[in-house]
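Colleague: Once you've had a glance at the structure underneath, I'll fire off some questions.
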Amino acid sequence: MFRMTLPLQQVALAPSPMPGHFDADANARANAKQLMFMKNLQGVLNTSIPESVDDANLETLQSQAKELSMKEVHDHDGRKASLLTVNGKVYDVTSFLDLHPGGPDLIAKHLNGKDVGRLMEGLDEPGDHVHSKAAMKMLEQFLVKGKTEKRPEEAQDPEKKFQIDLTKPLVPQVGYLGKDYDEWVHTPIITKESPRFFHNDFVESLTRTNWWMIPLVWGPVVLWCEMRAVKFGLPLDMVLPCMLIGCVLWTVAEYLLHRFLFHMKANSYWTATAHYLLHGFHHKHPMDSMRLVFPPAFSLVISFPLWWLMKALFRNGVSQSVSGGGLLAYIIYDLTHYFLHYGEAFTERLRHMKRYHLNHHFKVQTDGFGITSEVWDWVFGTLPANYGYKVDTKQR
């Protein structure tokens, strides 16, 4: 029985032997793709693949794959592979179900049966089912049967001298992309495993955070802020109003940070590296569950300047309470953000928020910066036009 555990990311981008050089190892890249093809083929055809495969055997296997009919797709044992047919192509999305931004149930009802190409293009049911070019491109990594037409933008660009190796720590590499960084980081990919950032295990651990760590770490700090506010003489009946002021101020900070810092243009080594650590990784790996909330260690970089800003704007007591309110709003923001990626919306408002944020990730990444609310997008003219809003371009 052929056994292969080659991760998807090993064939997503070709490894580069050293910064600043083309990857000339085309044979290794072709072999990796061949092995991945055979691994997927084994699951679909429900047959053993010999450990040694020559060109003749490979042609036979490829021929078998091409003969996979719609009936075979429909009758295939869904417990072994979850097959999705899109415009005549068959995709094994078994490992993708739990990562689907719309939730596994939404995609599960379309498995192993009717072609959903028109549905995903919005031709049958316009609205929520319309998928962006980026989403359709991501689907190609799960292709089992069908010819993939190479888009012009995917052709090898002789000007691009560096390619990211997704099997190695990413942070030391991204800066070498130079002017190509912005395009690369805004082309999302979805992988089952969380990518590695650093060589050092301790530093790497600081970049991964479970969602429940946010209230666990920052909840007590909110209480500490309010207790200090009262200690410094703030009347009890003023605590709640001050906290509400802090919550409103956080929504402004949320918008401004997201728009101007997290989406800054980066084309040098250090600016690209800094941007990737701040926010770029989230756009590259939008479904990385361990990096959907901001790690407490790194959030100190942003929280300390905001803390001193509050102290400069308000007197003692008030500044403590306002800061506590802002921190509470941040907790709500981070948990909301996690939910928008991994939660299943159960109200119309949540469905709207989820669509709005995923639109920012997969369709128009230069608009729709609000997470908990789109109020400031409306105020500053960054409502996404493709989402049905009328945008005054003179405001931009």
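Even glycines carry a Cβ here, placed using N, Cα and C.
Okay, these came from TrEMBL:
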type: DOMAIN; residues: 65-144; note: domain 'Cytochrome b5 heme-binding'
type: BINDING; residues: His100, His131; note: heme binding site
type: TRANSMEM; residues: 238-257; note: transmembrane segment
type: BINDING; residues: His258, His263, His279, His282, His283, His337, His341, His357, His360, His361; note: Zn(2+) binding site
type: TRANSMEM; residues: 292-310; note: transmembrane segment
type: TRANSMEM; residues: 322-340; note: transmembrane segment
Colleague: Let's check the environment of His258 (Zn(2+) binding site): how many other CB atoms sit within 10 Å of its CB?
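Modeller: Counting Cβ neighbours of His258 (Zn(2+) binding site) within 10 Å gives 19.
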Colleague: Take the transmembrane segment (238-257) and find every residue of the same chain, 6 or more past its ends, with a Cβ under 8 Å from one of its Cβ atoms.
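Modeller: Hits for the transmembrane segment (238-257): 226, 229-230, 302, 306, 310, 318, 321-330, 333, 369-373, 375-377, 380.
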Colleague: So how many other Cβ atoms are close to His360 (Zn(2+) binding site), meaning within 10 Å of its Cβ?
Modeller: 25
Colleague: Report the same-chain neighbours of His279 (Zn(2+) binding site): residues 6+ apart in sequence with Cβ closer than 8 Å to its Cβ, ordered by sequence.
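Modeller: Those within reach of His279 (Zn(2+) binding site), by Cβ under 8 Å and sequence separation of 6 or more, are His258, Leu261, Phe262, His263.
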Colleague: Provide the number of Cβ atoms within 10 Å of the Cβ of His341 (Zn(2+) binding site), excluding the reference atom itself.
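Modeller: Neighbour count, Cβ to Cβ under the 10 Å cut-off: 18.
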Colleague: Tell me the Cβ neighbour count for His283 (Zn(2+) binding site), meaning other Cβ atoms within 10 Å of its Cβ, over all protein chains shown.
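Modeller: There are 19 of them.
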Colleague: Indicate whether His283 (Zn(2+) binding site) is helix, strand or coil by DSSP.
Modeller: helix
Colleague: Which state, by DSSP, holds His258 (Zn(2+) binding site): helix, strand or coil?
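Modeller: DSSP call for His258 (Zn(2+) binding site): helix.
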Colleague: As a test of reading the model: what is the averaged pLDDT for the domain 'Cytochrome b5 heme-binding' (65-144)?
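Modeller: Average per-residue pLDDT within the domain 'Cytochrome b5 heme-binding' (65-144): 61.
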